[in-house]
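A short write-up of the structure that comes next.
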Amino acid sequence: YLVLIQLFLGNSCRFIAKPCAINLGIQDSGPHRAQPNAILEKVFTSITKSPDGKRLEGLSKQLDWDVRKIQRWFRHRRNQDKPTTLTKFCESMWRFTFYFGVFFYGIRFLWTAPWFWDTRQCWYNYPFQPLTSRLYYYYILELAFYWSLMFSQFTDIKRKDFLIMFVHHLATIGLITFSYMNNMVRVGTLVLCLHDASDFLLEAAKLANYAKYQRLCDAFFMLFGVVFIVTRLGIYPFWILNTTLFESWELVGPYPSWWLFNGLLVTLQVLHVIWSYLIVRTASKALARGKVSKDDRSDVESSSEEEEVTSTSTKGILSTSSNGSNRLNGHVASGQWTGE
């Protein structure tokens, strides 16, 4: 299934996402490339990507270049490592396609499941509950997708929230695998469907953002924020955690795996609280400015963002990091565009 997921992602980017992006006027053109310079390249790769004022002055004397010219060179060189808007559009397109499809598949499947309407049904006759083919395929498909996210995290667009997303993917894969091995698939399907409810809205907002439909982007983002907070701060703790912490204890008892299973679920809830805070902060800033902040996880720095030179130091308006992103699975970080 992991191989099938990867084939689906590759083909969707090539035959669906890219033509859509081109039709929307998104060009496959990268940022301006810095002119070759061995000295500056060595500083960029070995010392720093954003030199301070003292180092800029030293390089200016060594190369007989104006400080502004050196600043522009480093800005262009940083931009070279950032993906184009087309690349980001394709990434969001395949994520949107999967999240949208798997969410409505899950809703259709769970609508006729008794435990969707009464969570106590998750624990009746546990662990002797049948594993239907539809439930099996739903579970394995989700597991394969999150494994693909785990692997692609090292090769996809780099993000500043790499560590927190790594923890998120580990917790998710651990929960899916652990619940499957212990036949807790009924409550597992509820967790999966709940998490898929808002993810496709965020990807839709980013698609609109890349296509420069700002009002549509803002609408999708606000809708995403509402759905995210309702599902992850409302339904998740009062519906999911309630049944795993209290109803399971009442109906099944403190079985040995109870502590680990609920520990992973509570870890997800901690991440939900962090992400919700960041989403609310981004939304409040967006309302104050009149629009949602752009996805600056890999946007190109403009010439207006050059560093201001003083007699003591020079600092960039846009700071960079080793991961080059400001986003969470598709969620918000540092008050900007956001993962999972």
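Keep in mind that glycine also has a Cβ here, set from the backbone N, Cα and C atoms.
The domain 'Homeobox' feature in TrEMBL is assigned to 40-84.
What TrEMBL records for 42-85 is DNA-binding region. Broken down by DSSP into helix, strand and coil, the DNA-binding region (42-85) contains 31 helix, 0 strand, 13 coil.
Here TrEMBL flags 87-288 as domain 'TLC'.
Per TrEMBL, the feature transmembrane segment maps to 96-116 (among others).
Per TrEMBL, transmembrane segment is recorded for 136-155 (among others).
Feature annotation from TrEMBL assigns transmembrane segment to 162-181 (among others).
Marked as transmembrane segment by TrEMBL: 220-239 (among others).
The transmembrane segment annotation in TrEMBL covers 259-280 (among others).
Marked as region 'Disordered' by TrEMBL: 295-340.
Here TrEMBL flags 316-328 as compositional bias 'Polar residues'.
Counting only same-chain residues 6+ beyond the ends of the transmembrane segment (96-116), those with a CB under 8 A from a CB of the stretch are 8, 12, 16, 122, 134-135, 138, 141-142, 145, 186-187, 189-190, 192-193, 196-197, 199-200, 203-204, 207.
Within the chain, the transmembrane segment (220-239) has long-range Cβ neighbours (under 8 A, six or more residues past its boundaries) at 119, 190-191, 194-195, 197-198, 201-202, 204-205, 208, 268-269, 272-273, 275-276, 279-280, 283, 286, 292, 331.
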